[in-house]
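Here's the structure we're looking at; comments come further down.
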Amino acid sequence: MTVKTEAAKGTLTYSRMRGMVAILIAFMKQRRMGLNDFIQKIANNSYACKHPEVQSILKISQPQEPELMNANPSPPPSPSQQINLGPSSNPHAKPSDFHFLKVIGKGSFGKVLLARHKAEEVFYAVKVLQKKAILKKKEEKHIMSERNVLLKNVKHPFLVGLHFSFQTADKLYFVLDYINGGELFYHLQRERCFLEPRARFYAAEIASALGYLHSLNIVYRDLKPENILLDSQGHIVLTDFGLCKENIEHNSTTSTFCGTPEYLAPEVLHKQPYDRTVDWWCLGAVLYEMLYGLPPFYSRNTAEMYDNILNKPLQLKPNITNSARHLLEGLLQKDRMKRLGAKDDFMEIKSHVFFSLINWDDLINKKITPPFNPNVSGPNDLRHFDPEFTEEPVPNSIGKSPDSILVTASVKEAAETFLGFSYAPPTDSFL
């Protein structure tokens, strides 16, 4: 017996129909194991995927926008384009491995949650991002860049470490070091400004982290108090690498307009090519804020603030030392070619007289006692997180794979876009 269908759909024989029925019966038996595994089996059967009945049952549909419609059927997907809705090949990396306890941060594409690994009894900060939101804003390159940068940061004491990353059909998960001493921004808000020794200590650890990134040809581009955390002992931890630019060598430049308004360097505002020295401008802006309570050139009117950054001379009040004044003048030099760090990068910062009291070997080995201790009692101590976050309920969807998700064209696009996102550490690392 042969059933004739449209020519474009091919010929459906009795044996092939039996094969499809067997797949559907298997689906019913495996329902409790989750839809994702079944979908993966279907997706690997290119003939079954093209059949209209299978498409109808699984809701695998083409985009409905008129400009995307194509009368000709698409060719079978290549192996690299197959729908991959499994969370990860790493057995440690799936949502159900965690107890998600509290929301501790929010961003443009998702939330950061305090989570405890069920088997390891270890606390992590898990950054959960919505694929749909990332694709809508066309930020997928920045997300993958953030993952790549995180993989390189594992061994630096002042950069947040990535333990593993994985994905479900609709979400990306970064499993990161849990840092609960609070954002530098939070502490600045409470105390308004810091005494110079404390500001020096933080600036030195920040500079060390930036210098390490530069040694990897990475420009950070978004240094600000919100991205600087304190760990439980009071050391700096730099986080959020979404705006990092890779492959920027010493004499290389880039031109993407990005950053946070208060901390943008003049060359970025001018939309001119810029280099690593944008990070030293930002360090100057953060140091200024630590000493004075507001960023340099600040105005509530953004246009006026931009004009100040471009044209207004730097004004320094007399309540800082000459070495601090000299450092700020060097870092906040409007001409990037004359800026401190333009010639020898981190070595210029490191050798500045303002840091003469810093033993850099002791600093990198955390042998210098921080000037402030957050005094957290343990992982569950959330006193340094904004209650706006911690009082928000944890979404139920965070901790499980979405068994009932429909495999639409957008899900297919997301699966293809983020192929290779999942990461598991070597067996002798972390887990």
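Placed from the backbone N, Cα and C atoms, the Cβ positions cover glycine too.
The shown structure was predicted, so the numbers you read here are calculated from the model rather than taken from an experiment.
The region 'Disordered' annotation in Swiss-Prot covers 66-92.
What Swiss-Prot records for SER74 (among others) is phosphoserine.
The phosphoserine feature in Swiss-Prot is assigned to SER78 (among others); the stated evidence is similarity to another entry.
According to Swiss-Prot, the compositional bias 'Polar residues' annotation covers 81-91.
Residues annotated as domain 'Protein kinase' in Swiss-Prot: 98-355.
The active site, proton acceptor annotation in Swiss-Prot covers ASP222. Look at ASP222 (active site, proton acceptor): DSSP puts it in coil. Counting only same-chain residues at least 6 apart in sequence, those with a Cβ under 8 Å from the Cβ of ASP222 (active site, proton acceptor) are ASP240, GLY242, LEU243, CYS244, CYS258, GLY259, THR260, TYR263, CYS282.
Of all Cβ atoms in the protein chains displayed, 14 besides its own lie within 10 Å of the Cβ of SER397 (phosphoserine). For the recorded site, SER397 (phosphoserine), the DSSP three-state label reads helix. The phosphoserine feature in Swiss-Prot is assigned to SER397 (among others).
The phosphoserine feature in Swiss-Prot is assigned to SER401 (among others).
Per Swiss-Prot, phosphoserine is recorded for SER422 (among others).
Averaged across the domain 'Protein kinase' (98-355), pLDDT for the predicted model comes to 93.
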